[in-house]
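K.L.:
Quick one: this structure, given as structure tokens, is what I'll be asking you about.
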Amino acid sequence: MVKRVFVAYVLWAVGGPFGLHHLYLGRDSHALLWMITLGGFGFGWVREFLRIPAYVREANQDVDKERKRPHNIAPPPASPVRFAGQVCVGIYFGTVALIGLNSLSFFYLIVLPLSVGAGVHLVASVGQQTSDLHKTLTACLITSPIFYGSSLSPLPISLAASVTASQHRRLKPPRSPDSTQKLGPRIYRLSLALLAFSAPLGYCIFHNTTATLYYLSDCIAALLDIFWFLPWLRGVLEYILLIPYKILCGLTGGSYQEEAWKKVLEILLKDYTQKEKEALQVLSLEAEASFEEITRSYRELAKTWHPDHNLDNDAGATFMKIQEAYEVLQRWHRPRRFK
């Protein structure tokens with residue numbers, strides 16, 4: 001059936017962030033990507049306003065001409081936009097895995113790299129291109145142990161996978177006349193893939209809300225701490241992160257809902273995480289303690305428990321706990337001292 005540009009634009013306008021126009025054009029990988037990322041985090045959906053005519057021509061391409069097209073002679077040209085999308089979606093998949101699946105055994109060695117690799121390969125398979133899945137996953141598995149246990153590990157893993165996927169990019173094999181499938185089975189497969197992606201995240205949110213918020217707080221704090229030496233850039237990033245909540249407060253009209261979201265924002269961006277609360281306990285401090293009080297307590301305890309001055313058998317371990325607790329609280333306070 002011939003695809004129409006007008007219909008594609010209507011579906012783009014009505015359900016573009018959910019990939020309806022890609023589903024209409026037979027671009028199932030692209031449709032799944034848009035369902036998971038809500039239109040490429042919004043940016044991809046807007047960018048497609050100029051891309052839809054090319055998508056329609058591609059969907060209407062004669063099958064016989066496509067089969068006669070030479071394949072595997074030269075790889076398709078590299079695309080900076082596709083590479084950036086691979087990195088971002090790989091990080092996105094890795095973050096979702098960190099939130100919903102981090103209790104699994106061998107998480108940082110197997111589950112996390114496979115999740116990041118799946119996100120990278122999904123972007124690499126959009127349109128007429130694809131990549132070598134085995135090599136992409138191998139790059140993830142090799143990179144993962146280097147950053148074992150880090151909350152920022154999805155970034156380097158995604159970069160390594162994206163570079164590998166770009167190096168091994170190729171055109172998809174030509175379609176056969178019988179390769180077109182009915183809409184029902186396609187939607188069924190897309191639903192299963194969407195369920196597999198969202199189920200761990202949904203379970204974690206609804207059954208472990210506190211831990212989820214604490215982890216989100218840790219991730220946001222780690223991201224903002226990177227720019228502690230540029231307070232203006234940190235402020236811009238924090239403002240961008242707050243935009244969805246500000247929009248929600250505006251739609252709800254304030255009152256109780258606004259106060260409730262203020263509490264959520266306080267947990268996500270301002271309150272101490274569980275790790276930081278434990279650090280306060282190690283230093284025998286209350287949550288209201290200032291950075292100067294934290295430093296004073298750290299120096300006193302470090303002097304008391306330093307192995308050179310304390311002959312207790314547990315002095316070394318206690319001194320290390322005090323040192324780690326101070327470093328945790330120092331990271332939390334550092335951006336605020338430069339405001």
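In case you wondered, yes, glycine gets a Cβ from its N, Cα and C as well.
Computed from a predicted structure; not experimentally measured.
Annotation comment: TrEMBL describes 6-25, 32-50, 83-101, 187-206, 212-233 as transmembrane segment. The domain 'J' annotation in TrEMBL covers 278-339.
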K.L.:
Tally the residues of the domain 'J' (278-339) by DSSP class, grouping H, G and I as helix, E and B as strand, and everything else as coil.
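P.N.:
Taking the domain 'J' (278-339) as a whole: 43 helix, 0 strand, 19 coil.
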K.L.:
Sequence-remote contacts (6 or more beyond its ends) of the transmembrane segment (83-101), Cβ cut-off under 8 Å?
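P.N.:
Here the qualifying positions are 33, 36-37, 40-41, 44, 107, 111-112, 115-120, 122-124, 151, 153-155, 157-159, 161-162, 165-166, 197, 200-204, 212, 215-216, 219.
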K.L.:
State the mean pLDDT for the domain 'J' (278-339).
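P.N.:
PLDDT averaged over the stretch: 81.
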